[in-house]
Every structure is written in structure tokens, then in C-alpha cells.
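Asker: Before I ask anything, here is the structure I am working with.
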Amino acid sequence: SVGFKAGVKEYKLTYYTPDYETQDTDILAAFRVTPQPGVPPEEAGAAVAAESSTGTWTTVWTDGLTSLDRYKGRCYHIEPVAGEDNQYIVYVAYPLDLFEEGSVTNMFTSIVGNVFGFKALRALRLEDLRVPPAYSKTFQGPPHGIQVERDKLNKYGRPLLGCTIKPKLGLSAKNYGRAVYECLRGGLDFTKDDENVNSQPFMRWRDRFLFCAEAIYKAQAETGEIKGHYLNATAGTCEEMTKRADFAYELGVPIIMHDYLTGGFTANTSLALYCRNHGLLLHIHRAMHAVIDRQKNHGIHFRVLAKALRLSGGDHIHAGTVVGKLEGERDITLGFVVLLRDDYLEKDRSRGIYFTQFWVSLPGVLPVASGGIHVWHMPALTEIFGDDSVLQFGGGTLGHPWGNAPGAVANRVALEACVQARNEGRDLAREGNEIIRKASKWSPELSAACEVWKEIKLYFEAVDTL
């Protein structure tokens, strides 16, 4: 009979299309799916495609008013995960028309929305996303990008050095500014507000901005180098956030900061637009990422959050260290470091890269290595991250036995020694300790730092493995 046939039918009849040839304009997703016992992988994969696009649990007569074939997500390939009993990588293609232009918020609401609470799945993780140029071109991306940042700062041929001001909470604005000045004066390029420093009773944002600006200008005048402090503009409302960004702009400082996951993608994209229009660099902190990305079988992998940030906009983003106190398995970390910086990234499953990604001319983002790192890590960091990165030593600067400025000196000397050694063709991985030891002979500050941290090890097995 012709017409509407009510009732529940299997998702795979509509949404599992193994013969589908993906289009250049499709957004492609790779999900790690753990079905409930008794649910076949084809049905689970089709359910993911359906629930994250046009489907619902039963046939509805309004399906007849549109062309499902044009708008539905399609599960086009399924492969079992090696070494796991009941896990599959499910590939889904979404037609571009399902998404609003220039909105990470809308893209995520579909792809990682309700489907994650779906009962037929025991767990679901979004491992990777291919954003086609047709979609990425609808975004502004980072306010400035790597090359423009180097030109603004007049710093070339080496990683940039930063430091998070500690104790993260409790300092008055004046003492905070003093710590900023000492670090910048000692040789760092940047200092940083901690991610949870917004505007609390012990230090209101306006006071902090003023004292930090004073510190920046004083350090610049004395060193002849351009300096910056990531002024955290994150706030409870977008209007308040913009007000803080405005004040930073009026002070003439080079860079501000945002917590993009807690602040949200809508706020972040607005701030990135503001920064481009006002010539401010934007540093992005990823507080809350581990809630989303740390479980191996459920959530969203950080490489997807990193791609989303490059679309939404930011000039720096924290990306793990490989060697410090926070997560980061080497190959996987390098995978999303390349994805943040480069125009083009080949599919490479050994790095967890499921799709070839072509960013066309979207500016790049500097990866920030931060968390439990100190001078002995400098050779490894220089080798792993290369020149286009920011190396941030919080405790590794402020924990120096002689104080903040000598801590900054130690880090700058160590970095310059590593860069020089690398440029001379030496092997940082093999000769790193020797390079640091030699440099410490003519730098008492570095020598003292080497002594303090020579025994420190923060080794646990990485959770983020393939």
C-alpha cells in the first residue's frame, strides 16, 4: 500500500549504508561504539547515525514532507577495535546542510548531543572529526595565528616561554603584579592568569588588569623585549567578558585569555571575533577537558576539542606535555599538535588521526605545554614541540630557591642552550642532560634550578593510549 507505515523499524534499514561514497562536503565522524549485549554493530552504528542526525525512535508521518536521503547521517563503515571484546569504530557521514554555518555550538549539539545518552549503547566516544573546507571556510578561526603572533611579538626561531602565577588563588592584585614583573624581567615572554582566577573577593579583575599592565610595561622598558600576560577575561556572562576584554584593549596589552570549555563555544567564538577586530591575541585554557576526554570508551577525544577550538578561535591552547604531571601520550599528543599548527594533516592511525584534514588557510594555533615541567625537561620539550609552541613553567619558575626572577633566568638560559644545540645539529634526546649541565656551569640560576629538580619524577602510565 502507498503512504505512511507507522511503527518501529530497525535503524539499519535506513541509516546503515556500507555502499555510500563520502562527499567532499560531508562532515565525517569516527565513533568508538560499545553496544549493549545483543545489539549487533550494524544496528548500533546506524542508531548513532540516526540519533545524531534526522532519526527518532519510531517512524513519523512528517518524514514524508522532506527528503531523508538528502539529510540523513549515514553509517558507512564499521571496524572492530583490535584487542577489545565488544568495541567498534563506526564511521558516520553527515551532509553539510545539517549544520549552521560558523557555529561549533550547533555542530556539537548534533554530533555529540542526545545520542550519547542512547540506551542501546553502553558507551560512545567521538574519536575524530573531518571538517571539510566547505564548512571550515564559514569560520574565522584563530584571531591572528602563529605567523602574525611572531610578528607582533618580534620573537622568532624558538619556542615562547610562559609561567602561570602561583599560588593560583589568594594573592592581592599588587603582589600578583609584582610576581608578573619579576618573571617577565627575568626573561620570560609571557605570564599567565590561572584558569580559575576571574574576579574574586581577594582580587577583583580590574585591579589585577591594572597592576599586570604596569608590570608588563616596566619589564618591556627594562629588557627591550615585548612582554605579555594572559589576562583571563572569562566571566559569568558574555557582556561582562566583553567588558573585561575592552579594558585590556584600552590598557594596550597584547594578549587576553579564555577558558573555552567552561565558558562555552558561543562565548569563545564571540571573544575570538572581538580579539581579531581589536588586535588582541587570545590564549585558550582547556579547564574541564579531562571530564570529557579522559575515559577511553566514552566522551570526546581531545583532538576533536582541539579541532573545534581552531574553528571557534584561539591563538594558544594547552595541549599536554608528554613529560610533565598531566596526561599526554607522545604520538597522540603530537597528532593533535600537528592538527593545531599545520594546514594539512594526513590520516595516520598510529597517532589516532582517523581522517585527512585540510584546513585551507585557517590560521594555526600554538600548542602550550604546561604542567609539572622544569629545566631538565627543556631538551625533550624543545625536541617534541619544536619552535612553534609555548612552554609554560609555573612551579618550574616560581619554585626556584632564589625566587621568581632567577627562576625565569634559569628557564630562558636552558631554552636558549637547547635551541642553540639543536641548531648546531646536536641530538637533544640523547645529549639533553649534558647540554643543560654545560649551560648551568655559566649560569648560577640554572645551576640552582638543576639541583632542586634533579630527583623529581612524575611518572604514571598514560591513560590516553590508542
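Keep in mind that glycine also has a Cβ here, set from the backbone N, Cα and C atoms.
Swiss-Prot lists LYS5 with the feature N6,N6,N6-trimethyllysine, giving sequence analysis as the kind of evidence. Here Swiss-Prot flags ASN114, THR164, LYS168, ARG286, HIS318, SER370 as substrate binding site, drawing on sequence analysis. Look at Swiss-Prot and you will find LYS166, HIS285 tagged as active site, proton acceptor. The Mg(2+) binding site feature in Swiss-Prot is assigned to LYS192, ASP194, GLU195; the stated evidence is sequence analysis. The site 'Transition state stabilizer' feature in Swiss-Prot is assigned to LYS325; the stated evidence is sequence analysis.
Help me picture where these features are in the structure shown.
Answerer: Cβ environment of LYS5 (N6,N6,N6-trimethyllysine): THR59 lie under 8 Å away, each six or more residues apart in the same chain.
Reduced to three states, the DSSP call for ASN114 (substrate binding site) is helix. Residue environment of ASN114 (substrate binding site) contains 11 other Cβ atoms, counted within 10 Å of its Cβ in all protein chains.
In the structure as shown, the Cβ atom of LYS166 (active site, proton acceptor) sits within 10 Å of 16 other Cβ atoms. DSSP assigns LYS166 (active site, proton acceptor) to coil in the three-state reduction, placing it in neither a helix nor a strand.
Under the three-state DSSP scheme, ASP194 (Mg(2+) binding site) falls in the coil class.
According to its DSSP assignment, HIS285 (active site, proton acceptor) is in a strand. Neighbour count (other Cβ atoms within 10 Å of the Cβ, all protein chains): 28 for HIS285 (active site, proton acceptor).
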Asker: Please work out the number of neighbouring Cβ atoms within 10 Å of the Cβ of LYS192 (Mg(2+) binding site), leaving out its own Cβ.
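Answerer: Neighbour count, Cβ to Cβ under the 10 Å cut-off: 28.
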Asker: Within 8 Å of the Cβ centre of LYS192, ASP194, GLU195, which other residues of the chain have their Cβ, at the recorded Mg(2+) site?
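Answerer: Near the Mg(2+) site, beyond LYS192, ASP194, GLU195, sit THR164, ILE165, LYS168, ASP193, ASN196, VAL197, TYR230, ASN232, MET257, HIS285.
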Asker: Take the Cβ of SER370 (substrate binding site) and count every other Cβ within 10 Å, whichever protein chain it belongs to.
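Answerer: SER370 (substrate binding site) is surrounded by 25 other Cβ atoms within 10 Å.
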Asker: Quick one: which of these recorded positions, ASN114, THR164, LYS166, LYS168, have their CA within 10 A of HIS285 (active site, proton acceptor)?
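Answerer: Checking Cα-Cα distances against HIS285 (active site, proton acceptor), none of the recorded positions falls within 10 Å.
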Asker: Please report the distance from the Cα of LYS166 (active site, proton acceptor) to the Cα of LYS192 (Mg(2+) binding site), rounded to the nearest angstrom.
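Answerer: So the Cα of LYS192 (Mg(2+) binding site) lies 9 Å away from that of LYS166 (active site, proton acceptor).
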Asker: Look at the binding-site residues ASP194, GLU195 and tell me which residue has the greatest number of other C-beta atoms within 10 angstroms of its C-beta.
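Answerer: Sorting the candidates by Cβ neighbours within 10 Å, the top entry is GLU195.
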Asker: Cα within 10 Å of LYS192 (Mg(2+) binding site): which of the binding-site residues ASN114, THR164, ARG286, HIS318, SER370 qualify?
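Answerer: Checking Cα-Cα distances against LYS192 (Mg(2+) binding site), the binding-site residues within 10 Å turn out to be THR164.
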Asker: What same-chain residues, at least 6 away in sequence, bring their CB to under 8 Å of the CB of HIS318 (substrate binding site)?
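Answerer: Non-local contacts for HIS318 (substrate binding site): ILE284, HIS285, ARG286, PRO367, VAL368, SER370.
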